[in-house]
Amino acid sequence: MENRWQVMIVWQVDRMRIRTWKSLVKHHMYVSKKAKGWFYRHHYESTHPRISSEVHIPLGDATLVVTTYWGLHTGEREWHLGQGASIEWRKKRYSTQVDPGLADQLIHTYYFDCFSESAIRNAILGNIVSPRCEYPAGHNKVGSLQYLALAALIKPKKIKPPLPSVTKLTEDRWNKPQKTKGHRGSHTMNGH
């Protein structure tokens with residue numbers, strides 16, 4: 001029988017971002033307790049030699065698993081050091097990979113206080129609402145005019161240390177194409 005290959009998306013990430021991600025996850029799991037229910041699996045708890053860590057984030061009856069890797073083949077640049085991350089959504093026997101933006105949105109539907117559009121309705125009804133969003137990485141669209149006005153009124157409070165964002169983990173110089181000036185002044189286009 002021949003070898004069977006399984007292809008999966010792994011975002012190339014430098015090791016310092018992975019270290020930051022791991023320490024933020026551990027801080028919010030054990031110190032601030034904002035990541036309640038999250039499970040951190042160390043490299044020595046995995047049977048796969050390339051896995052450096054796994055973070056299991058319960059989302060209702062599903063789970064989001066952020067896996068970091070080491071010892072991967074390097075890319076074409078010298079700073080592609082063989083580190084990476086993959087993001088997988090699992091429910092029972094079904095699993096699929098998700099992109100970092102969707103992962104942050106999924107996390108935000110279950111974790112971290114938010115002043116969202118539903119909060120405007122609750123405030124009008126006289127209910128007490130959270131005055132700010134702790135996890136802006138979980139929003140990828142522009143809010144309503146009411147939301148933008150209230151958000152401008154209440155300045156976001158910087159959380160030290162920041163909450164762990166999957167988008168921040170995977171964004172880097174080789175995952176986001178560099179913006180360059182076009183031939184018409186300041187218009188931008190993707191450069192290669």
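Every residue gets a Cβ built from N, Cα and C, even glycine.
Summarising the annotation, Swiss-Prot assigns region 'Interaction with host APOBEC3F' to 14-17, 74-79 and lists sequence analysis as the type of evidence. Look at Swiss-Prot and you will find 75-114 tagged as region 'RNA-binding'. Sequence annotations record features per position, and here Swiss-Prot assigns motif 'HCCH motif' to 108-139 based on sequence analysis. Per Swiss-Prot, motif 'BC-box-like motif' is recorded for 144-153, and the stated evidence type is sequence analysis. Under the heading phosphoserine, Swiss-Prot lists Ser144, Ser165, citing sequence analysis as support.
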Query = Going by DSSP, how much of the region 'Interaction with host APOBEC3F' (14-17) is helix, how much is strand and how much is coil, in residues?
reply = 3 helix, 0 strand, 1 coil
Inquiry  = I'd like the number of other C-beta atoms within 10 A of the C-beta of Ser165 (phosphoserine), please.
reply    = 21
